[in-house]
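Just below is one structure, and these are the notes that go with it.
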Amino acid sequence: LGLLYQEYRDKSTRQEIETRRLQDSQTDPEETSPSEETPSEAEPTSTTESKAPPQISLLRNSNSRFNLWQDLPEIRSSGVLSILQPDEIKLQEAMFELVTSEASYYKSLNLLVSHFMENERLKKILHQSEAHILFSNVLDVMAVSERFLLDLEQRVEENIVISDVCDIVYQHTVNHFSVYITYVSNQTYQERAYKQLLQDKPAFREVISQLELDPKCKGLSFSSFLILPFQRITRLKLLVQNILKKVEEKSDRETTALDAHKELETVVKACNEGVRKMSRTEQMISIQKKLEFKIKSVPIISHSRWLLKQGELQQMNGPKTSRTLRTKKLFREIYLFLFNDLLVICRQIPGDKYQVFDSAPRGLLRVEELEDQGQSLANVFILRLLENADDREASYMLKASSQSEMKRWMISLAPNRRTKFVSFTSRLVDCPQIQCVHPYVAQQPDELSLELADVLNILDKTDDGWIFGERLHDQERGWFPSSMGEEILNPKIRAQNLKECFRVHKSDDSQRRKLGSRNRQ
């Protein structure tokens with residue numbers, strides 16, 4: 001039956017990790033052979049299946065499995081491999097992966113619809129409104145994927161050497177991919193509805209469990225099918241980036257790839273904003289209800305405001321110059337809510353409430369680390385409010401529970417300060433890099449979720465196992481455990497990664513062409 005998209009994506013990213021490991025261990029990045037450059041895996045789909053996905057003619061041999069474009073019998077027998085340059089072969093592999101991965105993705109979407117959504121038992125259990133929230137506009141998404149795949153298939157059939165695919169990506173992104181924004185924006189409602197149905201309807205839970213056990217699902221969960229569109233639109237952008245890195249510079253194919261990437265980036269950002277919008281609004285309403293102002297009240301809820309970090313710190317009592325700490329009573333617990341444009345300083349009071357006693361615009365915050373002050377002042381830093389709620393300057397000596405927590409607060413409070421490895425105002429020439437080998441889901445607003453094979457610049461790190469990084473493909477920043485990745489040690493590979501990143505984003509404005517010049521939190 002071939003690979004479902006979840007399997008395909010996992011195999012592809014893990015192969016990408018292994019390829020980068022091999023490159024990192026070599027002296028010259030160019031030593032990697034073309035067959036190791038860009039993995040693809042696709043298998044034929046049975047023509048007898050109901051609603052069978054559109055098939056690429058090159059993959060119709062049901063007795064074969066193909067990993068690479070150059071392994072196809074048609075390619076090997078044509079003699080074209082002896083004519084094409086190695087760089088062109090790598091480009092063909094990158095374009096071929098985009099096509100075959102779309103076929104695998106469509107296959108998984110088809111299973112989500114035919115096996116789950118159209119299941120008669122499930123239809124009887126779910127109210128129409130519940131089904132709508134759970135499956136959203138997945139039929140529209142599948143129809144868009146089918147049209148997209150058919151156009152890609154037609155291009156592949158035109159010539160065994162693929163001319164281009166990014167022009168097709170561009171046209172479909174501009175004209176059809178808005179369905180992804182609708183689907184992904186529903187994700188928060190979808191997750192909540194799914195959890196509620198599992199909890200409130202035993203019959204729903206039973207049917208879903210039985211459907212998941214079907215061999216068609218390959219041991220994959222129902223929720224892994226629901227999240228497919230978001231994963232695909234993000235991955236599609238990375239596949240276009242991979243093509244862009246391999247096309248000849250200043251060529252028509254580079255222009256087309258840049259155009260396709262720009263449009264995909266717009267769709268991905270709209271998807272991300274759609275997901276965040278509802279959760280942020282609900283979060284702000286919840287925080288507003290918990291705050292009681294000892295000072296002049298500040299309106300918390302705003303469409304342009306969101307939470308960056310919250311948590312407890314210890315404030316040192318007395319003036320800043322007091323360094324004699326006989327007991328821990330010299331520290332008093334305070335609670336901070338840091339938004340993208342505002343800091344609110346509170347003390348927790350009974351009833352899960354917080355009394356606000358000071359505040360300041362985020363742009364008027366400065367931080368200073370206390371170094372070599374002995375164990376009693378470990379993880380202590382100075383927070384200065386250049387203009388607080390009383391329109392005057394104020395300073396707080398604050399103690400965090402660990403080094404990582406201290407650094408996380410300092411970077412969140414003053415994001416443009418210099419970090420351990422790089423100044424935020426300078427272009428990154430050669431700072432440490434890491435590739436993700438274990439996926440990570442962010443647990444706090446200042447953390448960064450990671451996907452397998454993500455490559456990041458290391459901007460800062462702590463002794464207790466945390467890294468502050470900037471992902472190369474989208475310049476998103478955040479903290480994550482160092483155990484999630486492996487450092488890239490080869491300076492040539494690091495330089496190559498940066499060069500490719502600058503090239504991908506060269507059509508962006510001058511601010512974004514400078515990695516690290518803009519706060520992404």
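Glycine too: its Cβ is placed from the backbone N, Cα and C atoms.
Just so you know, TrEMBL annotations are computer predictions that nobody has curated.
TrEMBL annotations:
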type     : residues : note
COMPBIAS : 9-23     : compositional bias 'Basic and acidic residues'
COMPBIAS : 27-40    : compositional bias 'Acidic residues'
COMPBIAS : 41-50    : compositional bias 'Low complexity'
DOMAIN   : 306-418  : domain 'PH'
DOMAIN   : 429-490  : domain 'SH3'
REGION   : 9-55     : region 'Disordered'
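For the compositional bias 'Basic and acidic residues' (9-23), the DSSP counts in helix, strand and coil order read 15 helix, 0 strand, 0 coil. DSSP states for the domain 'PH' (306-418), grouped as helix (H, G, I), strand (E, B) and coil, give 20 helix, 53 strand, 40 coil. Secondary structure counts, DSSP: the domain 'SH3' (429-490) has 3 helix, 29 strand, 30 coil.
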